[in-house]
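These notes concern the structure reproduced below.
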(Lines of atoms letter the chains of each structure in order from A and count residues from 1; the text may use other names and numbers.)
(Lines give C-alpha, C1' and ligand atoms only; values in the text may rest on other atoms or scores of the structure.)
Protein backbone atom coordinates (compact mmCIF):
# COMPACT_ATOMS: atom_id res chain seq x y z
CA UNK A 1 0.00 0.00 0.00
CA UNK A 2 1.08 3.57 -0.58
CA UNK A 3 2.23 5.91 2.14
CA UNK A 4 1.21 9.55 2.21
CA UNK A 5 3.24 12.39 3.69
CA UNK A 6 2.92 16.14 3.76
CA UNK A 7 4.85 18.41 1.42
CA UNK A 8 6.98 19.62 4.32
CA UNK A 9 7.80 16.06 5.36
CA UNK A 10 8.80 15.14 1.83
CA UNK A 11 10.96 18.22 1.39
CA UNK A 12 12.77 17.64 4.68
CA UNK A 13 13.65 14.09 3.65
CA UNK A 14 14.34 14.36 -0.08
CA UNK A 15 14.50 18.05 -0.89
CA UNK A 16 12.07 20.08 -2.98
CA UNK A 17 10.13 18.60 -5.88
CA UNK A 18 8.12 19.85 -8.86
CA UNK A 19 6.44 23.18 -8.16
CA UNK A 20 8.50 23.93 -5.06
CA UNK A 21 10.62 27.08 -5.04
CA UNK A 22 14.00 27.76 -3.47
CA UNK A 23 15.18 31.22 -2.51
CA UNK A 24 18.75 31.88 -3.65
CA UNK A 25 20.70 33.17 -0.66
CA UNK A 26 19.16 36.36 0.70
CA UNK A 27 18.32 37.65 -2.79
CA UNK A 28 14.81 38.20 -4.12
CA UNK A 29 15.31 35.37 -6.64
CA UNK A 30 13.39 32.08 -6.51
CA UNK A 31 14.19 28.95 -8.52
CA UNK A 32 11.18 26.70 -9.12
CA UNK A 33 11.64 22.99 -9.83
CA UNK A 34 10.48 22.19 -13.38
CA UNK A 35 10.96 18.41 -13.31
CA UNK A 36 11.81 15.71 -10.78
CA UNK A 37 13.47 12.53 -12.09
CA UNK A 38 12.74 10.59 -8.90
CA UNK A 39 10.16 7.84 -8.68
CA UNK A 40 8.18 8.84 -5.61
CA UNK A 41 8.61 6.28 -2.88
CA UNK A 42 11.85 4.91 -4.38
CA UNK A 43 14.22 7.81 -3.73
CA UNK A 44 17.82 6.76 -3.15
CA UNK A 45 19.18 8.23 0.10
CA UNK A 46 22.30 7.38 2.09
CA UNK A 47 22.68 6.85 5.84
CA UNK A 48 21.67 4.67 8.73
CA UNK A 49 18.29 3.13 8.02
CA UNK A 50 18.18 4.73 4.56
CA UNK A 51 17.66 3.07 1.20
CA UNK A 52 21.19 2.96 -0.27
CA UNK A 53 22.12 -0.36 1.31
CA UNK A 54 23.12 -3.72 -0.09
CA UNK A 55 20.22 -5.36 -1.90
CA UNK A 56 18.06 -2.26 -1.61
CA UNK A 57 18.92 0.86 -3.63
CA UNK A 58 22.48 -0.51 -3.94
CA UNK A 59 22.74 -3.35 -6.43
CA UNK A 60 24.65 -6.32 -4.94
CA UNK A 61 25.54 -8.01 -8.24
CA UNK A 62 27.02 -5.48 -10.64
CA UNK A 63 30.65 -4.51 -10.96
CA UNK A 64 32.27 -1.33 -12.13
CA UNK A 65 32.66 -2.82 -15.61
CA UNK A 66 28.97 -2.12 -16.20
CA UNK A 67 28.85 1.23 -18.02
CA UNK A 68 25.84 2.34 -15.97
CA UNK A 69 27.50 1.82 -12.59
CA UNK A 70 28.61 5.15 -11.16
CA UNK A 71 31.82 5.90 -9.31
CA UNK A 72 30.00 8.75 -7.61
CA UNK A 73 26.34 9.70 -7.32
CA UNK A 74 25.21 13.14 -6.22
CA UNK A 75 21.76 12.27 -4.94
CA UNK A 76 18.53 14.28 -5.08
CA UNK A 77 20.19 17.50 -6.20
CA UNK A 78 18.45 20.59 -7.49
CA UNK A 79 20.35 21.32 -10.70
CA UNK A 80 20.39 24.93 -11.85
CA UNK A 81 21.80 25.29 -15.34
CA UNK A 82 21.36 27.50 -18.39
CA UNK A 83 18.64 25.22 -19.76
CA UNK A 84 17.03 23.64 -16.71
CA UNK A 85 16.00 23.83 -13.08
CA UNK A 86 15.42 20.18 -12.20
CA UNK A 87 15.67 17.69 -9.35
CA UNK A 88 17.79 14.68 -10.22
CA UNK A 89 20.60 12.34 -9.33
CA UNK A 90 23.91 12.90 -11.12
CA UNK A 91 26.01 9.91 -12.14
CA UNK A 92 29.78 10.39 -12.46
CA UNK A 93 32.23 7.85 -13.87
CA UNK A 94 35.93 8.23 -14.69
CA UNK A 95 35.69 11.90 -13.72
CA UNK A 96 32.93 12.71 -16.21
CA UNK A 97 29.18 13.15 -15.92
CA UNK A 98 27.58 10.16 -17.63
CA UNK A 99 23.93 10.54 -16.66
CA UNK A 100 21.36 12.85 -15.12
CA UNK A 101 18.31 10.97 -13.93
CA UNK A 102 17.24 8.48 -11.30
CA UNK A 103 19.83 6.46 -9.37
CA UNK A 104 19.32 3.15 -7.64
CA UNK A 105 19.05 -0.60 -8.15
CA UNK A 106 17.23 -1.63 -11.35
CA UNK A 107 16.61 -5.12 -9.95
CA UNK A 108 14.00 -3.74 -7.56
CA UNK A 109 13.41 -0.13 -8.66
CA UNK A 110 11.70 1.40 -11.69
CA UNK A 111 13.18 3.77 -14.28
CA UNK A 112 16.76 3.60 -13.04
CA UNK A 113 19.23 5.52 -15.22
CA UNK A 114 22.23 5.33 -12.88
CA UNK A 115 23.17 2.13 -11.07
CA UNK A 116 24.47 2.37 -7.52
CA UNK A 117 26.84 -0.52 -6.88
CA UNK A 118 29.36 -1.58 -4.29
CA UNK A 119 31.94 0.64 -6.04
CA UNK A 120 29.80 3.78 -5.81
CA UNK A 121 30.29 6.67 -3.39
CA UNK A 122 27.53 9.14 -2.50
CA UNK A 123 27.36 12.89 -2.02
CA UNK A 124 23.99 13.59 -0.40
CA UNK A 125 22.48 16.68 -2.01
CA UNK A 126 18.97 16.55 -0.58
CA UNK A 127 17.89 20.16 -0.15
CA UNK A 128 21.06 21.40 -1.88
CA UNK A 129 21.68 23.17 -5.19
CA UNK A 130 24.17 21.99 -7.79
CA UNK A 131 25.65 24.14 -10.54
CA UNK A 132 28.38 23.72 -13.12
CA UNK A 133 31.80 24.99 -12.14
CA UNK A 134 32.16 28.62 -13.16
CA UNK A 135 34.44 29.87 -15.94
CA UNK A 136 36.32 33.16 -15.63
CA UNK A 137 37.64 34.27 -19.01
CA UNK A 138 39.37 37.50 -17.96
CA UNK A 139 42.12 36.42 -15.59
CA UNK A 140 45.41 38.22 -15.13
CA UNK A 141 47.70 35.41 -13.99
CA UNK A 142 49.53 37.54 -11.43
CA UNK A 143 49.43 35.34 -8.34
CA UNK A 144 49.01 31.54 -8.19
CA UNK A 145 46.84 31.93 -5.09
CA UNK A 146 44.10 33.33 -7.32
CA UNK A 147 43.24 29.76 -8.27
CA UNK A 148 42.44 28.73 -4.70
CA UNK A 149 40.40 31.88 -4.02
CA UNK A 150 38.40 31.38 -7.21
CA UNK A 151 37.87 27.69 -6.51
CA UNK A 152 36.42 28.47 -3.10
CA UNK A 153 33.89 30.76 -4.78
CA UNK A 154 32.77 28.11 -7.29
CA UNK A 155 35.02 28.92 -10.27
CA UNK A 156 36.80 25.89 -11.75
CA UNK A 157 38.26 27.29 -14.99
CA UNK A 158 40.54 30.28 -15.63
CA UNK A 159 41.30 31.75 -19.05
CA UNK A 160 43.57 34.73 -19.58
CA UNK A 161 47.23 35.59 -19.59
CA UNK A 162 50.17 36.57 -17.46
CA UNK A 163 53.49 35.39 -16.11
CA UNK A 164 53.32 36.58 -12.50
CA UNK A 165 53.76 40.04 -11.04
CA UNK A 166 55.19 41.73 -14.14
CA UNK A 167 53.80 45.07 -15.32
CA UNK A 168 52.60 43.38 -18.50
CA UNK A 169 50.69 40.76 -16.52
CA UNK A 170 49.18 43.30 -14.14
CA UNK A 171 47.75 45.25 -17.06
CA UNK A 172 47.14 43.05 -20.07
CA UNK A 173 46.15 39.34 -19.59
CA UNK A 174 48.96 38.34 -21.93
CA UNK A 175 51.39 35.43 -21.75
CA UNK A 176 53.84 36.62 -24.42
CA UNK A 177 55.85 34.31 -26.62
CA UNK A 178 56.59 30.57 -26.69
CA UNK A 179 59.01 30.57 -23.75
CA UNK A 180 56.54 32.19 -21.35
CA UNK A 181 53.64 30.11 -22.67
CA UNK A 182 55.58 26.89 -22.08
CA UNK A 183 56.55 27.94 -18.56
CA UNK A 184 52.94 28.77 -17.70
CA UNK A 185 51.74 25.46 -19.14
CA UNK A 186 54.22 23.77 -16.83
CA UNK A 187 53.13 25.92 -13.88
CA UNK A 188 49.52 24.93 -14.51
CA UNK A 189 50.44 21.37 -13.52
CA UNK A 190 50.31 22.58 -9.92
CA UNK A 191 47.00 24.46 -10.12
CA UNK A 192 43.72 22.87 -8.95
CA UNK A 193 41.65 24.34 -11.80
CA UNK A 194 41.39 24.15 -15.60
CA UNK A 195 43.40 26.79 -17.45
CA UNK A 196 44.02 28.26 -20.88
CA UNK A 197 46.48 31.01 -21.77
CA UNK A 198 46.22 33.86 -24.28
CA UNK A 199 49.28 35.16 -26.11
CA UNK A 200 50.17 38.69 -27.16
CA UNK A 201 48.24 39.81 -30.22
CA UNK A 202 50.37 42.74 -31.36
CA UNK A 203 52.53 42.02 -34.41
CA UNK A 204 52.49 42.89 -38.10
CA UNK A 205 54.58 39.80 -38.80
CA UNK A 206 52.14 36.87 -38.58
CA UNK A 207 54.97 34.51 -37.66
CA UNK A 208 55.27 36.24 -34.27
CA UNK A 209 51.63 35.45 -33.63
CA UNK A 210 51.62 31.96 -35.11
CA UNK A 211 54.55 30.83 -32.98
CA UNK A 212 52.49 31.60 -29.87
CA UNK A 213 49.55 29.55 -31.14
CA UNK A 214 51.93 26.70 -31.97
CA UNK A 215 53.34 26.98 -28.44
CA UNK A 216 49.92 26.31 -26.93
CA UNK A 217 48.13 29.65 -26.59
CA UNK A 218 44.36 29.21 -26.94
CA UNK A 219 44.02 32.65 -28.47
CA UNK A 220 45.49 36.13 -28.59
CA UNK A 221 44.84 39.23 -26.52
CA UNK A 222 44.94 42.61 -28.24
CA UNK A 223 45.33 45.26 -25.54
CA UNK A 224 45.70 49.01 -25.79
CA UNK A 225 48.68 49.04 -23.41
CA UNK A 226 50.57 47.17 -26.16
CA UNK A 227 48.77 49.10 -28.91
CA UNK A 228 45.22 48.16 -29.95
CA UNK A 229 45.49 49.57 -33.47
CA UNK A 230 43.21 48.50 -36.32
CA UNK A 231 46.27 47.03 -38.02
CA UNK A 232 47.29 44.92 -35.01
CA UNK A 233 43.72 43.74 -34.54
CA UNK A 234 43.30 42.78 -38.18
CA UNK A 235 46.54 40.79 -38.23
CA UNK A 236 45.55 38.96 -35.04
CA UNK A 237 42.16 38.09 -36.49
CA UNK A 238 43.80 36.77 -39.66
CA UNK A 239 45.82 34.33 -37.55
CA UNK A 240 42.78 33.44 -35.44
CA UNK A 241 40.81 32.56 -38.56
CA UNK A 242 43.62 30.32 -39.76
CA UNK A 243 44.05 28.43 -36.47
CA UNK A 244 40.49 28.50 -35.04
CA UNK A 245 41.30 30.42 -31.87
CA UNK A 246 39.66 33.38 -30.15
CA UNK A 247 40.75 37.02 -30.04
CA UNK A 248 40.08 38.97 -26.85
CA UNK A 249 40.08 42.75 -27.29
CA UNK A 250 40.74 45.55 -24.83
CA UNK A 251 40.16 48.41 -27.23
CA UNK A 252 41.72 51.87 -27.59
CA UNK A 253 40.43 54.08 -24.74
CA UNK A 254 42.22 57.18 -26.03
CA UNK A 255 40.96 56.72 -29.59
CA UNK A 256 44.56 57.31 -30.70
CA UNK A 257 44.56 54.97 -33.67
CA UNK A 258 40.89 55.36 -34.49
CA UNK A 259 37.41 55.37 -33.05
CA UNK A 260 35.00 52.56 -32.29
CA UNK A 261 33.86 52.60 -35.92
CA UNK A 262 37.46 52.15 -37.11
CA UNK A 263 37.93 49.17 -34.83
CA UNK A 264 34.74 47.57 -36.11
CA UNK A 265 35.85 48.21 -39.70
CA UNK A 266 39.08 46.32 -38.95
CA UNK A 267 37.14 43.48 -37.35
CA UNK A 268 34.78 43.22 -40.35
CA UNK A 269 32.42 40.32 -39.74
CA UNK A 270 34.93 38.23 -37.78
CA UNK A 271 34.06 37.01 -34.30
CA UNK A 272 35.88 38.25 -31.21
CA UNK A 273 35.44 38.42 -27.45
CA UNK A 274 35.04 42.08 -26.42
CA UNK A 275 36.38 42.53 -22.91
CA UNK A 276 34.68 44.86 -20.37
CA UNK A 277 32.30 46.15 -23.03
CA UNK A 278 30.92 48.86 -20.73
CA UNK A 279 34.27 50.64 -20.97
CA UNK A 280 35.30 51.37 -17.37
CA UNK A 281 37.85 48.59 -17.66
CA UNK A 282 39.11 50.14 -20.90
CA UNK A 283 38.10 50.57 -24.51
CA UNK A 284 36.89 53.33 -26.81
CA UNK A 285 35.62 56.25 -24.73
CA UNK A 286 32.74 56.86 -24.44
CA UNK A 287 30.98 54.51 -26.86
CA UNK A 288 32.62 51.08 -26.79
CA UNK A 289 29.31 49.87 -25.42
CA UNK A 290 27.81 50.17 -28.93
CA UNK A 291 29.87 47.19 -30.08
CA UNK A 292 27.48 44.87 -28.20
CA UNK A 293 24.91 45.46 -30.95
CA UNK A 294 27.04 43.63 -33.54
CA UNK A 295 26.23 39.98 -34.24
CA UNK A 296 29.91 39.00 -34.41
CA UNK A 297 30.85 40.53 -31.05
CA UNK A 298 30.68 38.30 -27.97
CA UNK A 299 30.50 40.89 -25.17
CA UNK A 300 31.47 40.48 -21.54
CA UNK A 301 31.79 42.88 -18.67
CA UNK A 302 33.83 42.62 -15.51
CA UNK A 303 32.86 42.53 -11.87
CA UNK A 304 34.35 45.78 -10.45
CA UNK A 305 31.45 47.79 -11.89
CA UNK A 306 28.84 45.13 -11.15
CA UNK A 307 26.42 45.90 -9.69
CA UNK A 308 26.35 49.70 -9.84
CA UNK A 309 26.54 51.09 -6.28
CA UNK A 310 27.11 54.46 -4.67
CA UNK A 311 30.77 53.48 -4.14
CA UNK A 312 31.53 52.31 -7.68
CA UNK A 313 32.73 55.53 -9.30
CA UNK A 314 34.84 56.66 -6.33
CA UNK A 315 36.85 53.44 -6.06
CA UNK A 316 37.70 53.17 -9.74
CA UNK A 317 40.12 56.05 -10.29
CA UNK A 318 42.82 54.62 -8.03
CA UNK A 319 42.30 51.15 -9.48
CA UNK A 320 42.89 52.42 -13.02
CA UNK A 321 45.99 54.37 -12.00
CA UNK A 322 47.63 51.38 -10.32
CA UNK A 323 46.62 48.72 -12.83
CA UNK A 324 47.81 50.57 -15.91
CA UNK A 325 51.05 51.94 -14.46
CA UNK A 326 49.92 55.56 -14.60
CA UNK A 327 51.54 58.52 -12.86
CA UNK A 328 49.37 60.79 -10.72
CA UNK A 329 51.84 63.64 -11.33
CA UNK A 330 51.10 63.63 -15.06
CA UNK A 331 47.84 65.42 -15.99
CA UNK A 332 47.45 63.34 -19.13
CA UNK A 333 47.55 60.13 -17.07
CA UNK A 334 44.84 61.49 -14.78
CA UNK A 335 42.75 62.44 -17.82
CA UNK A 336 43.23 58.94 -19.24
CA UNK A 337 41.88 57.38 -16.05
CA UNK A 338 39.01 59.86 -15.78
CA UNK A 339 37.89 59.15 -19.35
CA UNK A 340 37.12 55.53 -18.46
CA UNK A 341 34.96 56.15 -15.40
CA UNK A 342 31.54 57.31 -16.59
CA UNK A 343 28.65 56.76 -14.21
CA UNK A 344 26.13 56.90 -17.06
CA UNK A 345 27.58 53.92 -18.92
CA UNK A 346 28.24 52.07 -15.65
CA UNK A 347 24.58 52.60 -14.68
CA UNK A 348 23.52 51.16 -18.04
CA UNK A 349 25.76 48.10 -17.71
CA UNK A 350 23.51 46.28 -15.23
CA UNK A 351 20.50 46.81 -17.50
CA UNK A 352 22.36 45.53 -20.57
CA UNK A 353 23.31 42.41 -18.65
CA UNK A 354 19.68 41.95 -17.61
CA UNK A 355 18.43 42.36 -21.19
CA UNK A 356 20.85 39.73 -22.45
CA UNK A 357 22.73 42.30 -24.54
CA UNK A 358 25.93 41.57 -22.61
CA UNK A 359 26.53 37.81 -22.69
CA UNK A 360 29.19 37.10 -20.06
CA UNK A 361 30.60 38.22 -16.71
CA UNK A 362 34.25 37.81 -15.70
CA UNK A 363 36.63 39.14 -13.05
CA UNK A 364 39.58 41.10 -14.51
CA UNK A 365 41.42 39.61 -11.55
CA UNK A 366 43.80 41.90 -9.63
CA UNK A 367 43.62 44.33 -12.55
CA UNK A 368 40.54 46.15 -11.24
CA UNK A 369 38.48 43.00 -10.64
CA UNK A 370 38.12 40.50 -7.82
CA UNK A 371 38.79 36.88 -8.71
CA UNK A 372 36.59 35.44 -5.98
CA UNK A 373 33.51 37.58 -6.66
CA UNK A 374 32.39 36.70 -10.19
CA UNK A 375 29.53 34.52 -9.00
CA UNK A 376 28.47 36.70 -6.08
CA UNK A 377 28.31 39.85 -8.18
CA UNK A 378 26.43 38.10 -10.96
CA UNK A 379 23.59 37.26 -8.59
CA UNK A 380 23.69 40.68 -6.98
CA UNK A 381 23.06 42.19 -10.41
CA UNK A 382 20.19 39.77 -11.01
CA UNK A 383 18.66 40.76 -7.66
CA UNK A 384 19.04 44.49 -8.37
CA UNK A 385 17.52 44.19 -11.80
CA UNK A 386 14.50 42.28 -10.53
CA UNK A 387 14.17 44.96 -7.86
CA UNK A 388 14.28 47.78 -10.41
CA UNK A 389 12.86 46.24 -13.58
CA UNK A 390 10.50 43.58 -12.26
CA UNK A 391 10.20 39.96 -13.45
CA UNK A 392 11.44 38.96 -16.89
CA UNK A 393 8.87 37.80 -19.43
CA UNK A 394 7.62 34.38 -18.39
CA UNK A 395 8.65 34.74 -14.75
CA UNK A 396 6.12 35.14 -11.95
CA UNK A 397 5.85 35.03 -8.16
CA UNK A 398 8.33 32.55 -6.68
CA UNK A 399 9.56 31.63 -10.18
CA UNK A 400 12.50 33.59 -11.60
CA UNK A 401 13.74 30.71 -13.73
CA UNK A 402 14.17 32.73 -16.93
CA UNK A 403 16.29 35.34 -15.19
CA UNK A 404 18.22 32.67 -13.30
CA UNK A 405 19.00 30.76 -16.50
CA UNK A 406 20.11 33.98 -18.18
CA UNK A 407 22.50 34.90 -15.40
CA UNK A 408 24.01 31.48 -14.76
CA UNK A 409 24.82 31.21 -18.48
CA UNK A 410 26.98 34.32 -18.15
CA UNK A 411 29.68 32.55 -16.14
CA UNK A 412 29.24 28.94 -17.29
CA UNK A 413 28.18 27.91 -20.79
CA UNK A 414 28.68 31.19 -22.66
CA UNK A 415 32.35 31.65 -21.68
CA UNK A 416 32.88 27.98 -22.56
CA UNK A 417 31.34 28.45 -26.01
CA UNK A 418 33.25 31.69 -26.61
CA UNK A 419 36.63 30.08 -26.02
CA UNK A 420 35.95 26.73 -27.65
CA UNK A 421 35.80 24.53 -24.55
CA UNK A 422 32.05 23.84 -24.28
CA UNK A 423 32.60 20.22 -25.32
CA UNK A 424 34.42 19.71 -22.02
CA UNK A 425 32.99 22.12 -19.42
CA UNK A 426 30.36 24.79 -18.84
CA UNK A 427 27.20 22.88 -17.95
CA UNK A 428 25.77 19.88 -16.12
CA UNK A 429 25.44 17.53 -19.10
CA UNK A 430 26.48 13.94 -19.86
CA UNK A 431 29.91 13.73 -21.45
CA UNK A 432 31.36 16.74 -19.69
CA UNK A 433 34.06 16.87 -17.04
CA UNK A 434 32.46 16.59 -13.60
CA UNK A 435 33.28 20.10 -12.41
CA UNK A 436 30.35 20.56 -10.04
CA UNK A 437 29.62 23.02 -7.24
CA UNK A 438 27.33 22.12 -4.33
CA UNK A 439 25.54 24.93 -2.47
CA UNK A 440 23.38 25.17 0.60
CA UNK A 441 20.59 27.44 -0.70
CA UNK A 442 21.16 29.84 2.21
CA UNK A 443 24.72 30.41 0.98
CA UNK A 444 24.02 30.24 -2.76
CA UNK A 445 26.23 32.56 -4.76
CA UNK A 446 28.52 33.31 -1.84
CA UNK A 447 30.07 30.24 -0.23
CA UNK A 448 29.86 26.77 -1.80
CA UNK A 449 29.64 23.77 0.49
CA UNK A 450 32.01 21.76 -1.66
CA UNK A 451 33.53 21.71 -5.13
CA UNK A 452 33.90 18.54 -7.17
CA UNK A 453 36.68 18.79 -9.74
CA UNK A 454 37.01 16.11 -12.38
CA UNK A 455 34.80 13.80 -10.33
CA UNK A 456 36.74 14.14 -7.07
CA UNK A 457 36.07 16.49 -4.15
CA UNK A 458 38.63 19.24 -4.51
CA UNK A 459 37.65 21.82 -1.90
CA UNK A 460 35.10 21.72 0.92
CA UNK A 461 33.96 23.46 4.06
CA UNK A 462 35.20 21.21 6.84
CA UNK A 463 35.97 21.33 10.53
CA UNK A 464 38.99 20.86 12.75
CA UNK A 465 40.95 17.81 11.60
CA UNK A 466 41.24 16.71 15.25
CA UNK A 467 37.51 17.05 15.82
CA UNK A 468 35.35 14.09 16.71
CA UNK A 469 32.97 14.99 13.88
CA UNK A 470 33.61 16.76 10.54
CA UNK A 471 31.73 19.89 11.68
CA UNK A 472 33.94 20.79 14.66
CA UNK A 473 34.83 24.47 14.61
CA UNK A 474 36.54 26.21 13.02
CA UNK A 475 34.61 25.37 9.89
CA UNK A 476 36.46 26.72 6.88
CA UNK A 477 37.51 25.86 3.34
CA UNK A 478 40.08 23.13 3.28
CA UNK A 479 41.93 21.39 0.50
CA UNK A 480 40.57 17.94 -0.23
CA UNK A 481 42.27 14.94 -1.84
CA UNK A 482 41.62 16.31 -5.30
CA UNK A 483 44.47 18.72 -4.63
CA UNK A 484 47.00 16.14 -3.48
CA UNK A 485 49.48 13.97 -5.31
CA UNK A 486 48.67 12.93 -8.84
CA UNK A 487 45.08 14.11 -8.50
CA UNK A 488 46.16 17.66 -9.26
CA UNK A 489 46.89 16.55 -12.80
CA UNK A 490 44.29 13.80 -13.27
CA UNK A 491 41.24 15.92 -12.43
CA UNK A 492 41.95 19.16 -14.31
CA UNK A 493 42.39 20.16 -17.94
CA UNK A 494 44.85 22.42 -19.71
CA UNK A 495 43.40 23.91 -22.88
CA UNK A 496 45.66 24.57 -25.87
CA UNK A 497 45.29 25.38 -29.54
CA UNK A 498 44.42 22.56 -31.91
CA UNK A 499 47.78 22.85 -33.66
CA UNK A 500 49.69 22.58 -30.37
CA UNK A 501 47.57 19.60 -29.37
CA UNK A 502 48.12 17.80 -32.67
CA UNK A 503 51.86 18.49 -32.52
CA UNK A 504 52.10 16.86 -29.08
CA UNK A 505 52.66 19.81 -26.75
CA UNK A 506 51.86 17.53 -23.81
CA UNK A 507 54.70 15.19 -24.74
CA UNK A 508 57.12 17.98 -25.59
CA UNK A 509 56.67 19.55 -22.14
CA UNK A 510 55.99 16.28 -20.30
CA UNK A 511 52.61 17.56 -19.13
CA UNK A 512 50.67 15.16 -16.92
CA UNK A 513 47.34 17.00 -16.96
CA UNK A 514 44.55 16.27 -19.39
CA UNK A 515 45.42 18.45 -22.41
CA UNK A 516 42.51 19.31 -24.69
CA UNK A 517 42.24 21.46 -27.85
CA UNK A 518 39.93 24.45 -28.20
CA UNK A 519 37.64 24.18 -31.22
CA UNK A 520 34.64 25.50 -33.17
CA UNK A 521 35.36 29.17 -32.48
CA UNK A 522 35.61 31.07 -35.75
CA UNK A 523 32.08 30.27 -36.91
CA UNK A 524 30.50 31.61 -33.71
CA UNK A 525 28.12 34.54 -33.55
CA UNK A 526 26.20 36.20 -30.78
CA UNK A 527 23.26 33.95 -31.62
CA UNK A 528 25.28 31.15 -29.99
CA UNK A 529 25.22 32.91 -26.61
CA UNK A 530 22.67 31.02 -24.52
CA UNK A 531 19.88 33.25 -23.15
CA UNK A 532 22.06 36.31 -23.85
CA UNK A 533 21.96 36.95 -27.59
CA UNK A 534 20.11 40.28 -27.93
CA UNK A 535 21.44 42.70 -30.57
CA UNK A 536 19.37 45.90 -30.27
CA UNK A 537 20.45 49.27 -31.66
CA UNK A 538 22.77 50.92 -29.13
CA UNK A 539 23.72 54.60 -28.95
CA UNK A 540 25.73 56.73 -26.53
CA UNK A 541 25.26 60.50 -26.28
CA UNK A 542 28.81 61.88 -26.74
CA UNK A 543 28.11 64.82 -24.42
CA UNK A 544 26.10 63.27 -21.59
CA UNK A 545 27.25 59.62 -22.01
CA UNK A 546 23.64 58.47 -21.65
CA UNK A 547 22.98 55.07 -23.23
CA UNK A 548 20.03 54.34 -25.52
CA UNK A 549 18.63 50.94 -26.50
CA UNK A 550 16.43 51.13 -29.59
CA UNK A 551 16.03 54.83 -28.86
CA UNK A 552 15.09 54.43 -25.19
CA UNK A 553 17.38 55.81 -22.48
CA UNK A 554 18.36 53.05 -20.05
CA UNK A 555 19.88 53.48 -16.62
CA UNK A 556 19.79 52.11 -13.09
CA UNK A 557 19.97 53.63 -9.63
CA UNK A 558 23.11 53.25 -7.55
CA UNK A 559 22.56 50.62 -4.88
CA UNK A 560 23.12 51.52 -1.24
CA UNK A 561 22.36 48.02 0.02
CA UNK A 562 22.88 44.59 -1.55
CA UNK A 563 22.24 40.94 -0.75
CA UNK A 564 25.08 38.42 -0.39
CA UNK A 565 27.23 40.94 1.47
CA UNK A 566 28.02 41.64 5.12
CA UNK A 567 25.74 39.09 6.77
CA UNK A 568 27.81 36.40 4.99
CA UNK A 569 31.21 37.80 5.91
CA UNK A 570 31.14 38.42 9.65
CA UNK A 571 34.27 36.33 10.09
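Heads up, the Cβ atoms here are built off N, Cα and C, so glycines get one too.
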Candidates 182, 250, 310, the one Swiss-Prot lists with 221, 276 as binding Ni(2+) 2: 250
Annotated companion of 138, 140, 221 at the Ni(2+) 1 site, Swiss-Prot, chosen from 350, 354, 364: 364
Cα within 10 Å of residue 276 (Ni(2+) 2 binding site) - qualifying binding-site residues among 138, 140, 221, 223: 138
Three-class DSSP secondary structure - residue 223 (substrate binding site): strand
Cα separation, residue 138 (Ni(2+) 1 binding site) to residue 250 (Ni(2+) 2 binding site) (Å, whole number): 11
Separation of alpha carbons, residue 223 (substrate binding site) and residue 138 (Ni(2+) 1 binding site) (Å): 12
Under 8 Å by Cβ from residue 140 (Ni(2+) 1 binding site), same chain, sequence gap 6 or more: 160, 161, 162, 169, 170, 171, 172, 173, 364, 365, 366, 367
